[in-house]
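Undergrad: So that we are looking at the same thing, I have put the structure below in C-alpha coordinates.
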Amino acid sequence: MEFSVKSGSPEKQRSACIIVGVFEPRRLSSIAEQLDKISDGYISALLRRGELEGKVGQSLLLHHVPNVLSERILLIGCGKERELDERQYKQIIQKTINTLNETGSMEAVCFLTELHVKGRNNYWKVRQAVETAKESLYAFNQLKSNKNELRRPLRKMVFNVPTRRELTSGERAIQHGLAIAAGIKAAKDLSNMPPNICNAAYLASQARQLADSANSHITTKVIGEEQMKELGMNAYLAVGQGSQNESLMSVMEYKGSSDKHAKPIILVGKGLTFDSGGISIKSAGGMDEMKYDMCGAATVYGVMRVVSELQLPLNVIGVMAGCENMPGGRAYRPGDILTTLSGQTVEVLNTDAEGRLVLCDALTYVERFDPELVIDIATLTGACITALGNHYSGLLSNHNPLAHELLNASEQSGDRAWRLPMTDEFFEQIDSNFADLANTGGSGGGAITAACFLSRFATKYHWAHLDIAGTAWRSGKTKGATGRPVALLSQFLLNRAGSAGINNDD
(Lines of atoms letter the chains of each structure in order from A and count residues from 1; the text may use other names and numbers.)
(Lines give C-alpha, C1' and ligand atoms only; values in the text may rest on other atoms or scores of the structure.)
Protein backbone atom coordinates (compact mmCIF):
# COMPACT_ATOMS: atom_id res chain seq x y z
CA MET A 1 0.00 0.00 0.00
CA GLU A 2 1.24 3.50 -0.88
CA PHE A 3 0.93 6.43 1.49
CA SER A 4 1.17 10.15 0.84
CA VAL A 5 0.23 13.41 2.50
CA LYS A 6 -1.53 16.52 1.19
CA SER A 7 -3.32 19.61 2.43
CA GLY A 8 -6.69 20.51 0.98
CA SER A 9 -10.37 21.07 1.69
CA PRO A 10 -12.72 18.07 1.54
CA GLU A 11 -15.09 19.55 -1.01
CA LYS A 12 -12.27 19.72 -3.59
CA GLN A 13 -11.24 16.07 -3.32
CA ARG A 14 -11.84 13.99 -6.44
CA SER A 15 -11.28 10.64 -4.81
CA ALA A 16 -12.85 7.21 -4.76
CA CYS A 17 -13.51 7.76 -1.06
CA ILE A 18 -13.17 10.41 1.66
CA ILE A 19 -12.85 9.27 5.28
CA VAL A 20 -14.22 11.46 8.07
CA GLY A 21 -15.14 10.94 11.71
CA VAL A 22 -18.41 10.95 13.64
CA PHE A 23 -18.50 11.26 17.43
CA GLU A 24 -21.04 10.00 19.92
CA PRO A 25 -23.90 10.78 20.04
CA ARG A 26 -24.31 11.25 16.27
CA ARG A 27 -22.13 14.38 16.18
CA LEU A 28 -20.16 15.26 13.09
CA SER A 29 -16.47 16.09 13.22
CA SER A 30 -15.45 19.47 11.78
CA ILE A 31 -14.54 18.03 8.36
CA ALA A 32 -17.77 16.01 8.30
CA GLU A 33 -19.66 19.21 9.08
CA GLN A 34 -18.11 20.88 6.03
CA LEU A 35 -19.24 18.01 3.82
CA ASP A 36 -22.68 18.09 5.42
CA LYS A 37 -23.00 21.78 4.64
CA ILE A 38 -21.99 21.22 1.01
CA SER A 39 -24.51 18.38 0.72
CA ASP A 40 -27.33 20.52 2.15
CA GLY A 41 -27.63 18.48 5.33
CA TYR A 42 -27.66 15.07 3.64
CA ILE A 43 -25.23 13.49 6.13
CA SER A 44 -26.79 14.93 9.29
CA ALA A 45 -30.21 13.78 8.10
CA LEU A 46 -28.94 10.20 7.91
CA LEU A 47 -27.56 10.44 11.43
CA ARG A 48 -30.85 11.78 12.78
CA ARG A 49 -32.52 8.67 11.35
CA GLY A 50 -30.16 6.55 13.47
CA GLU A 51 -27.94 5.24 10.67
CA LEU A 52 -24.79 5.75 12.77
CA GLU A 53 -24.42 6.41 16.50
CA GLY A 54 -20.69 7.22 16.36
CA LYS A 55 -19.33 4.48 18.62
CA VAL A 56 -15.80 3.20 18.02
CA GLY A 57 -16.01 0.28 15.59
CA GLN A 58 -19.05 1.58 13.71
CA SER A 59 -18.92 2.73 10.10
CA LEU A 60 -21.27 3.88 7.36
CA LEU A 61 -20.38 4.07 3.66
CA LEU A 62 -22.26 6.70 1.64
CA HIS A 63 -22.44 6.67 -2.16
CA HIS A 64 -22.85 9.71 -4.43
CA VAL A 65 -23.48 12.29 -1.72
CA PRO A 66 -25.08 15.41 -3.28
CA ASN A 67 -22.63 18.16 -4.36
CA VAL A 68 -19.57 16.14 -3.21
CA LEU A 69 -16.96 15.38 -5.89
CA SER A 70 -15.75 12.13 -4.33
CA GLU A 71 -17.59 8.96 -5.24
CA ARG A 72 -18.06 7.86 -1.64
CA ILE A 73 -17.77 9.09 1.93
CA LEU A 74 -16.84 6.69 4.70
CA LEU A 75 -18.11 7.77 8.11
CA ILE A 76 -16.11 6.21 10.94
CA GLY A 77 -17.33 6.08 14.54
CA CYS A 78 -14.82 7.77 16.87
CA GLY A 79 -16.55 7.43 20.24
CA LYS A 80 -16.81 10.34 22.65
CA GLU A 81 -14.65 13.23 21.49
CA ARG A 82 -13.21 14.12 24.90
CA GLU A 83 -12.33 10.49 25.63
CA LEU A 84 -10.43 9.82 22.40
CA ASP A 85 -7.06 8.32 23.33
CA GLU A 86 -4.15 6.65 21.53
CA ARG A 87 -5.61 3.17 21.78
CA GLN A 88 -8.96 4.25 20.34
CA TYR A 89 -7.24 6.18 17.56
CA LYS A 90 -5.43 3.02 16.47
CA GLN A 91 -8.70 1.05 16.65
CA ILE A 92 -10.33 3.69 14.45
CA ILE A 93 -7.55 3.44 11.85
CA GLN A 94 -7.72 -0.36 11.89
CA LYS A 95 -11.49 -0.28 11.38
CA THR A 96 -11.02 2.18 8.53
CA ILE A 97 -8.50 -0.02 6.69
CA ASN A 98 -10.61 -3.16 7.14
CA THR A 99 -13.76 -1.41 5.93
CA LEU A 100 -12.06 0.04 2.86
CA ASN A 101 -10.76 -3.38 1.88
CA GLU A 102 -14.15 -4.99 2.44
CA THR A 103 -15.88 -2.40 0.27
CA GLY A 104 -13.39 -2.63 -2.59
CA SER A 105 -11.90 0.87 -2.37
CA MET A 106 -8.61 1.19 -4.21
CA GLU A 107 -7.66 4.64 -2.93
CA ALA A 108 -8.91 7.06 -0.30
CA VAL A 109 -8.25 10.45 1.29
CA CYS A 110 -8.18 10.26 5.08
CA PHE A 111 -9.20 13.26 7.20
CA LEU A 112 -8.96 11.37 10.50
CA THR A 113 -5.74 13.25 11.23
CA GLU A 114 -8.04 16.12 12.26
CA LEU A 115 -9.07 14.12 15.34
CA HIS A 116 -7.67 15.55 18.56
CA VAL A 117 -5.66 12.98 20.48
CA LYS A 118 -4.39 14.57 23.68
CA GLY A 119 -0.67 15.29 23.64
CA ARG A 120 -0.24 14.07 20.05
CA ASN A 121 0.59 16.12 16.97
CA ASN A 122 -0.02 15.44 13.29
CA TYR A 123 3.35 13.71 12.90
CA TRP A 124 2.29 11.17 15.53
CA LYS A 125 -1.17 10.70 14.04
CA VAL A 126 0.12 10.13 10.51
CA ARG A 127 2.92 7.81 11.64
CA GLN A 128 0.66 5.75 13.87
CA ALA A 129 -1.89 5.51 11.06
CA VAL A 130 0.80 4.12 8.74
CA GLU A 131 2.09 1.64 11.33
CA THR A 132 -1.44 0.54 12.27
CA ALA A 133 -2.48 0.17 8.63
CA LYS A 134 0.51 -2.05 7.86
CA GLU A 135 -0.08 -4.06 11.05
CA SER A 136 -3.72 -4.69 10.12
CA LEU A 137 -2.61 -6.24 6.81
CA TYR A 138 -0.05 -8.62 8.34
CA ALA A 139 -0.41 -12.35 7.79
CA PHE A 140 2.12 -15.14 8.25
CA ASN A 141 1.21 -17.70 5.60
CA GLN A 142 4.61 -18.54 4.13
CA LEU A 143 4.33 -22.18 5.17
CA LYS A 144 0.72 -22.83 4.13
CA SER A 145 0.12 -24.82 0.96
CA ASN A 146 -3.14 -22.95 0.38
CA LYS A 147 -2.45 -19.34 1.24
CA ASN A 148 -6.03 -18.06 0.79
CA GLU A 149 -4.89 -14.52 0.10
CA LEU A 150 -7.25 -12.01 1.66
CA ARG A 151 -9.00 -9.51 -0.58
CA ARG A 152 -7.04 -6.28 -0.19
CA PRO A 153 -7.90 -3.91 -3.02
CA LEU A 154 -6.79 -0.76 -1.16
CA ARG A 155 -3.66 0.48 -2.89
CA LYS A 156 -3.26 4.12 -1.87
CA MET A 157 -4.02 6.15 1.23
CA VAL A 158 -3.63 9.94 1.31
CA PHE A 159 -3.52 11.66 4.70
CA ASN A 160 -4.74 15.23 4.86
CA VAL A 161 -3.00 17.73 7.14
CA PRO A 162 -4.52 21.12 8.06
CA THR A 163 -1.83 23.39 6.55
CA ARG A 164 0.86 23.18 3.89
CA ARG A 165 3.57 23.90 6.46
CA GLU A 166 2.80 20.49 7.99
CA LEU A 167 3.45 18.60 4.77
CA THR A 168 7.15 18.10 5.56
CA SER A 169 6.49 16.59 8.98
CA GLY A 170 3.74 14.46 7.44
CA GLU A 171 6.12 13.11 4.81
CA ARG A 172 8.70 12.38 7.51
CA ALA A 173 6.02 10.59 9.54
CA ILE A 174 5.23 8.35 6.57
CA GLN A 175 8.94 7.62 6.01
CA HIS A 176 9.45 6.71 9.67
CA GLY A 177 6.19 4.78 9.88
CA LEU A 178 6.97 2.64 6.84
CA ALA A 179 10.49 1.86 8.09
CA ILE A 180 9.28 0.91 11.57
CA ALA A 181 6.40 -1.14 10.14
CA ALA A 182 8.89 -3.01 7.93
CA GLY A 183 11.11 -3.63 10.96
CA ILE A 184 8.16 -4.95 12.95
CA LYS A 185 7.16 -7.22 10.07
CA ALA A 186 10.72 -8.55 9.78
CA ALA A 187 10.80 -9.29 13.51
CA LYS A 188 7.40 -11.00 13.39
CA ASP A 189 8.30 -13.11 10.36
CA LEU A 190 11.51 -14.26 12.05
CA SER A 191 9.74 -14.99 15.34
CA ASN A 192 6.89 -16.91 13.73
CA MET A 193 9.22 -19.28 11.90
CA PRO A 194 9.15 -22.81 13.37
CA PRO A 195 12.22 -24.05 15.27
CA ASN A 196 12.99 -26.78 12.74
CA ILE A 197 13.69 -23.95 10.28
CA CYS A 198 14.70 -21.06 12.51
CA ASN A 199 17.78 -22.16 14.43
CA ALA A 200 20.93 -20.19 15.25
CA ALA A 201 22.27 -20.82 11.73
CA TYR A 202 19.06 -19.38 10.26
CA LEU A 203 19.45 -16.26 12.42
CA ALA A 204 23.02 -15.94 11.16
CA SER A 205 21.89 -16.28 7.54
CA GLN A 206 19.35 -13.49 8.03
CA ALA A 207 22.03 -11.27 9.56
CA ARG A 208 24.33 -11.91 6.60
CA GLN A 209 21.54 -11.20 4.10
CA LEU A 210 20.85 -7.89 5.82
CA ALA A 211 24.52 -6.95 5.51
CA ASP A 212 24.50 -7.92 1.83
CA SER A 213 21.47 -5.77 0.98
CA ALA A 214 22.10 -2.56 -0.96
CA ASN A 215 23.28 0.49 1.00
CA SER A 216 22.77 -1.23 4.35
CA HIS A 217 26.02 0.14 5.88
CA ILE A 218 26.00 -3.07 7.94
CA THR A 219 28.75 -5.64 8.32
CA THR A 220 28.01 -9.00 9.94
CA LYS A 221 30.34 -11.28 11.88
CA VAL A 222 29.20 -14.72 13.07
CA ILE A 223 30.92 -16.32 16.05
CA GLY A 224 30.68 -20.11 16.28
CA GLU A 225 31.30 -22.57 19.09
CA GLU A 226 35.02 -22.99 18.42
CA GLN A 227 35.63 -19.28 18.77
CA MET A 228 33.39 -19.15 21.84
CA LYS A 229 35.55 -21.83 23.44
CA GLU A 230 38.69 -19.86 22.67
CA LEU A 231 37.14 -16.73 24.18
CA GLY A 232 35.87 -18.52 27.29
CA MET A 233 32.12 -18.07 26.73
CA ASN A 234 31.40 -21.17 28.79
CA ALA A 235 27.96 -20.15 30.08
CA TYR A 236 26.68 -19.48 26.55
CA LEU A 237 28.15 -22.78 25.33
CA ALA A 238 26.68 -24.79 28.22
CA VAL A 239 23.12 -23.84 27.30
CA GLY A 240 23.45 -25.15 23.75
CA GLN A 241 25.52 -28.27 24.35
CA GLY A 242 22.49 -30.57 24.58
CA SER A 243 21.37 -29.57 21.07
CA GLN A 244 22.52 -30.90 17.71
CA ASN A 245 22.26 -27.34 16.34
CA GLU A 246 25.40 -25.25 16.76
CA SER A 247 25.22 -22.13 18.90
CA LEU A 248 26.04 -19.03 16.85
CA MET A 249 26.26 -15.39 17.87
CA SER A 250 25.59 -12.95 15.02
CA VAL A 251 27.06 -9.46 15.38
CA MET A 252 25.67 -6.81 13.00
CA GLU A 253 27.58 -3.53 12.97
CA TYR A 254 26.06 -0.37 11.44
CA LYS A 255 28.20 2.74 11.06
CA GLY A 256 26.21 5.86 10.31
CA SER A 257 27.89 8.52 12.41
CA SER A 258 30.17 11.05 10.73
CA ASP A 259 32.09 11.32 14.00
CA LYS A 260 34.85 8.72 13.82
CA HIS A 261 35.11 8.80 17.63
CA ALA A 262 31.38 8.16 18.21
CA LYS A 263 30.77 5.19 20.48
CA PRO A 264 28.20 2.59 19.42
CA ILE A 265 24.80 1.91 20.90
CA ILE A 266 24.59 -1.85 21.36
CA LEU A 267 21.46 -4.01 21.32
CA VAL A 268 21.78 -7.60 22.55
CA GLY A 269 18.92 -10.01 21.86
CA LYS A 270 18.30 -13.38 23.48
CA GLY A 271 17.99 -15.88 20.64
CA LEU A 272 16.82 -19.20 22.10
CA THR A 273 15.29 -20.61 18.94
CA PHE A 274 13.65 -23.29 21.06
CA ASP A 275 13.65 -23.61 24.83
CA SER A 276 12.59 -27.02 26.14
CA GLY A 277 13.90 -26.08 29.57
CA GLY A 278 16.72 -28.60 29.20
CA ILE A 279 17.10 -31.13 32.04
CA SER A 280 14.72 -28.94 34.09
CA ILE A 281 12.22 -29.63 31.33
CA LYS A 282 9.07 -27.60 30.86
CA SER A 283 5.55 -29.04 30.95
CA ALA A 284 4.05 -30.05 27.61
CA GLY A 285 1.23 -27.50 27.61
CA GLY A 286 2.15 -24.53 25.44
CA MET A 287 5.69 -25.76 24.82
CA ASP A 288 5.24 -25.05 21.10
CA GLU A 289 5.33 -21.36 21.98
CA MET A 290 8.90 -21.73 23.18
CA LYS A 291 9.92 -21.07 19.58
CA TYR A 292 9.26 -17.47 20.62
CA ASP A 293 12.16 -17.51 23.08
CA MET A 294 14.20 -15.84 20.34
CA CYS A 295 11.98 -12.76 20.08
CA GLY A 296 14.71 -10.64 21.66
CA ALA A 297 17.03 -11.53 18.79
CA ALA A 298 14.21 -10.94 16.30
CA THR A 299 13.68 -7.49 17.81
CA VAL A 300 17.35 -6.66 17.32
CA TYR A 301 17.10 -7.81 13.71
CA GLY A 302 14.00 -5.69 13.11
CA VAL A 303 15.55 -2.58 14.68
CA MET A 304 18.72 -2.97 12.61
CA ARG A 305 16.47 -3.04 9.53
CA VAL A 306 14.92 0.26 10.65
CA VAL A 307 18.30 1.87 11.36
CA SER A 308 19.61 0.83 7.96
CA GLU A 309 16.46 1.88 6.10
CA LEU A 310 16.45 5.37 7.67
CA GLN A 311 20.25 5.70 7.49
CA LEU A 312 20.32 7.10 11.02
CA PRO A 313 23.47 9.11 11.88
CA LEU A 314 24.43 6.74 14.67
CA ASN A 315 26.72 3.79 15.23
CA VAL A 316 24.60 0.81 16.25
CA ILE A 317 25.63 -2.79 16.88
CA GLY A 318 23.02 -5.54 17.03
CA VAL A 319 23.86 -8.90 18.59
CA MET A 320 21.65 -11.97 18.10
CA ALA A 321 22.70 -14.56 20.69
CA GLY A 322 21.39 -17.71 19.02
CA CYS A 323 21.26 -21.21 20.49
CA GLU A 324 18.83 -23.99 21.51
CA ASN A 325 18.20 -25.42 24.99
CA MET A 326 17.56 -29.17 24.75
CA PRO A 327 17.87 -32.18 27.11
CA GLY A 328 20.30 -34.96 26.24
CA GLY A 329 23.39 -36.84 27.30
CA ARG A 330 25.58 -33.77 26.70
CA ALA A 331 23.19 -31.25 28.25
CA TYR A 332 24.25 -29.14 31.19
CA ARG A 333 22.75 -30.02 34.59
CA PRO A 334 21.40 -28.45 37.77
CA GLY A 335 24.37 -28.28 40.11
CA ASP A 336 26.94 -27.47 37.42
CA ILE A 337 29.20 -24.49 38.07
CA LEU A 338 30.17 -22.49 34.99
CA THR A 339 33.02 -20.04 34.55
CA THR A 340 31.72 -17.15 32.45
CA LEU A 341 33.62 -14.97 29.99
CA SER A 342 33.88 -12.32 32.72
CA GLY A 343 35.61 -14.81 35.03
CA GLN A 344 32.69 -14.90 37.45
CA THR A 345 31.37 -18.35 38.34
CA VAL A 346 27.70 -19.31 38.25
CA GLU A 347 25.96 -22.20 39.99
CA VAL A 348 23.20 -23.67 37.84
CA LEU A 349 20.11 -24.28 39.97
CA ASN A 350 17.70 -24.58 37.07
CA THR A 351 18.57 -25.25 33.42
CA ASP A 352 15.37 -23.45 32.40
CA ALA A 353 16.93 -20.20 33.61
CA GLU A 354 19.15 -20.34 30.55
CA GLY A 355 18.59 -16.99 28.88
CA ARG A 356 20.62 -15.12 31.46
CA LEU A 357 23.53 -17.56 30.94
CA VAL A 358 23.59 -16.81 27.23
CA LEU A 359 23.20 -13.08 27.78
CA CYS A 360 25.83 -12.77 30.51
CA ASP A 361 28.58 -13.87 28.14
CA ALA A 362 27.19 -11.72 25.31
CA LEU A 363 27.12 -8.69 27.64
CA THR A 364 30.76 -9.30 28.54
CA TYR A 365 31.70 -9.83 24.89
CA VAL A 366 30.40 -6.38 23.82
CA GLU A 367 32.72 -4.59 26.26
CA ARG A 368 35.34 -4.73 23.49
CA PHE A 369 33.36 -2.16 21.47
CA ASP A 370 33.60 0.49 24.24
CA PRO A 371 29.84 1.15 23.98
CA GLU A 372 27.94 4.36 24.62
CA LEU A 373 25.27 2.15 26.18
CA VAL A 374 23.94 -1.41 25.99
CA ILE A 375 20.33 -2.57 25.96
CA ASP A 376 19.48 -6.26 26.15
CA ILE A 377 16.10 -7.56 25.04
CA ALA A 378 14.88 -10.94 26.21
CA THR A 379 11.83 -13.11 26.78
CA LEU A 380 13.42 -13.76 30.14
CA THR A 381 10.93 -14.50 32.92
CA GLY A 382 7.39 -15.70 33.47
CA ALA A 383 7.56 -13.54 36.59
CA CYS A 384 7.45 -10.45 34.39
CA ILE A 385 4.15 -11.66 32.93
CA THR A 386 2.82 -12.13 36.47
CA ALA A 387 3.87 -8.59 37.36
CA LEU A 388 2.92 -6.66 34.21
CA GLY A 389 0.67 -8.94 32.19
CA ASN A 390 0.83 -8.76 28.41
CA HIS A 391 0.64 -4.99 28.18
CA TYR A 392 3.95 -3.63 29.48
CA SER A 393 7.52 -4.79 28.91
CA GLY A 394 9.63 -4.81 32.05
CA LEU A 395 12.45 -2.25 32.19
CA LEU A 396 15.40 -2.38 34.57
CA SER A 397 18.57 -0.33 34.38
CA ASN A 398 21.74 0.67 36.19
CA HIS A 399 21.51 4.24 34.83
CA ASN A 400 18.55 6.52 35.58
CA PRO A 401 18.93 8.84 32.54
CA LEU A 402 18.94 5.83 30.18
CA ALA A 403 15.87 4.38 31.89
CA HIS A 404 14.06 7.71 31.54
CA GLU A 405 14.98 7.91 27.84
CA LEU A 406 13.52 4.46 27.25
CA LEU A 407 10.36 5.23 29.20
CA ASN A 408 9.93 8.41 27.18
CA ALA A 409 10.36 6.47 23.93
CA SER A 410 7.86 3.88 25.13
CA GLU A 411 5.29 6.59 25.84
CA GLN A 412 5.91 8.28 22.48
CA SER A 413 5.66 5.08 20.47
CA GLY A 414 2.80 3.51 22.41
CA ASP A 415 5.01 0.43 22.90
CA ARG A 416 4.79 0.55 26.68
CA ALA A 417 7.40 -0.35 29.27
CA TRP A 418 7.34 -0.13 33.08
CA ARG A 419 10.39 0.26 35.25
CA LEU A 420 11.03 -2.20 38.07
CA PRO A 421 13.48 -1.65 40.95
CA MET A 422 16.87 -3.25 41.50
CA THR A 423 17.91 -2.89 45.15
CA ASP A 424 20.34 -4.73 47.41
CA GLU A 425 17.69 -7.09 48.80
CA PHE A 426 17.14 -8.61 45.36
CA PHE A 427 20.87 -9.07 44.75
CA GLU A 428 21.07 -11.11 47.95
CA GLN A 429 18.63 -13.61 46.44
CA ILE A 430 21.15 -14.68 43.79
CA ASP A 431 23.96 -15.42 46.25
CA SER A 432 25.40 -18.96 46.03
CA ASN A 433 27.20 -21.06 48.64
CA PHE A 434 29.43 -22.59 45.97
CA ALA A 435 29.94 -19.97 43.25
CA ASP A 436 29.98 -16.20 42.79
CA LEU A 437 26.26 -16.22 42.06
CA ALA A 438 23.35 -18.55 41.26
CA ASN A 439 21.33 -18.51 38.07
CA THR A 440 17.99 -18.23 39.91
CA GLY A 441 16.90 -16.19 42.90
CA GLY A 442 14.24 -18.42 44.37
CA SER A 443 10.60 -17.43 44.69
CA GLY A 444 9.52 -13.80 44.55
CA GLY A 445 10.69 -10.99 42.31
CA GLY A 446 11.87 -13.29 39.55
CA ALA A 447 11.97 -10.62 36.84
CA ILE A 448 14.04 -8.40 39.13
CA THR A 449 16.49 -11.06 40.31
CA ALA A 450 17.07 -12.09 36.68
CA ALA A 451 17.96 -8.49 35.84
CA CYS A 452 20.16 -8.28 38.94
CA PHE A 453 22.04 -11.31 37.62
CA LEU A 454 22.58 -9.63 34.24
CA SER A 455 23.67 -6.37 35.84
CA ARG A 456 26.64 -8.18 37.39
CA PHE A 457 27.97 -8.51 33.83
CA ALA A 458 27.16 -4.93 32.78
CA THR A 459 29.30 -2.93 35.18
CA LYS A 460 31.52 -1.26 32.58
CA TYR A 461 28.84 0.69 30.71
CA HIS A 462 25.36 2.16 31.00
CA TRP A 463 22.92 -0.72 30.63
CA ALA A 464 19.21 -1.39 30.42
CA HIS A 465 17.24 -4.62 30.22
CA LEU A 466 13.86 -5.13 28.57
CA ASP A 467 11.98 -8.25 29.67
CA ILE A 468 9.50 -8.92 26.87
CA ALA A 469 8.20 -12.30 28.03
CA GLY A 470 4.66 -10.93 28.25
CA THR A 471 4.67 -8.66 25.20
CA ALA A 472 6.61 -10.48 22.45
CA TRP A 473 3.79 -12.78 21.30
CA ARG A 474 0.10 -13.54 21.74
CA SER A 475 -1.43 -16.90 22.56
CA GLY A 476 -4.86 -18.30 21.74
CA LYS A 477 -6.89 -17.58 18.63
CA THR A 478 -4.68 -14.67 17.56
CA LYS A 479 -1.43 -16.56 18.30
CA GLY A 480 1.61 -14.95 16.78
CA ALA A 481 4.50 -12.59 17.34
CA THR A 482 3.74 -8.93 18.06
CA GLY A 483 7.02 -7.39 16.90
CA ARG A 484 7.43 -5.61 20.21
CA PRO A 485 9.54 -3.75 21.27
CA VAL A 486 10.81 -2.77 17.78
CA ALA A 487 8.73 0.42 17.88
CA LEU A 488 10.03 1.41 21.33
CA LEU A 489 13.69 0.92 20.42
CA SER A 490 13.26 2.57 17.01
CA GLN A 491 11.78 5.61 18.73
CA PHE A 492 14.66 5.62 21.22
CA LEU A 493 17.15 5.66 18.34
CA LEU A 494 15.18 8.32 16.43
CA ASN A 495 15.33 10.49 19.54
CA ARG A 496 19.06 9.85 19.85
CA ALA A 497 19.50 10.80 16.20
CA GLY A 498 17.37 13.92 16.59
CA SER A 499 15.11 12.70 13.79
CA ALA A 500 11.78 12.50 15.59
CA GLY A 501 9.00 15.06 15.35
CA ILE A 502 6.77 13.35 17.85
CA ASN A 503 7.29 15.30 21.05
CA ASN A 504 5.18 18.43 20.83
CA ASP A 505 1.44 18.79 20.62
CA ASP A 506 -0.21 20.92 17.93
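Placement of Cβ uses the backbone N, Cα and C atoms for every residue, glycine included.
Sharing the record's features from Swiss-Prot:
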type	residues	note
BINDING	LYS270, ASP275, ASP293, GLU354	Mn(2+) 2 binding site
BINDING	ASP275, ASP352, GLU354	Mn(2+) 1 binding site
ACT_SITE	LYS282	active site
ACT_SITE	ARG356	active site
Undergrad: Is it possible to get the count of other C-beta atoms within 10 angstroms of the C-beta of LYS282 (active site)?
TA: 14
Undergrad: With a 10 Å radius around each C-beta, find which of these binding-site residues (ASP275, ASP293, ASP352) has the fewest other C-beta atoms nearby.
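TA: If we count Cβ atoms within 10 Å for the binding-site residues ASP275, ASP293, ASP352, the smallest count is at ASP352.
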Undergrad: Given the recorded Mn(2+) 2 site (LYS270, ASP275, ASP293, GLU354), which additional residues of the same chain have their Cβ within 8 Å of the Cβ centre, ordered by sequence?
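TA: Surrounding the site, in chain order, are VAL239, GLY271, LEU272, MET290, MET294, ASN325, GLY355, VAL358, ALA378, THR379.
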Undergrad: What does the structure give for the C-alpha distance between ASP293 (Mn(2+) 2 binding site) and ASP352 (Mn(2+) 1 binding site)? Integer Å is fine.
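TA: Rounded to the nearest whole number, the Cα-Cα distance is 12 Å.
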Undergrad: Within the same chain, and leaving aside ASP275, ASP352, GLU354, name every residue whose CB is within 8 angstroms of the centroid of the CB atoms belonging to the recorded Mn(2+) 1 site, in sequence order.
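TA: Not counting the recorded site residues, we get VAL239, LEU272, SER276, GLY277, GLY278, SER280, LYS282, ASP293, ASN325, THR351, ALA353, GLY355.
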Undergrad: LYS270, ARG356: which of these recorded positions has the highest Cβ count within 10 Å of its own Cβ?
TA: LYS270
Undergrad: Can you grab the distance from LYS270 (Mn(2+) 2 binding site) over to ASP352 (Mn(2+) 1 binding site)? Cα atoms, rounded to a whole Å.
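TA: About 14 Å separates the two Cα atoms.
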Undergrad: Report the same-chain neighbours of GLU354 (Mn(2+) 2 binding site): residues 6+ apart in sequence with Cβ closer than 8 Å to its Cβ, ordered by sequence.
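TA: For GLU354 (Mn(2+) 2 binding site), the qualifying residues are VAL239, LEU272, ASP275, GLY278, ASN325.
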Undergrad: Quick one: Cα separation, ASP352 (Mn(2+) 1 binding site) versus LYS282 (active site), in Å?
TA: 8
Undergrad: If one measures from the C-alpha of ARG356 (active site) to the C-alpha of LYS282 (active site), what distance in angstrom results, rounded to a whole number?
TA: 17
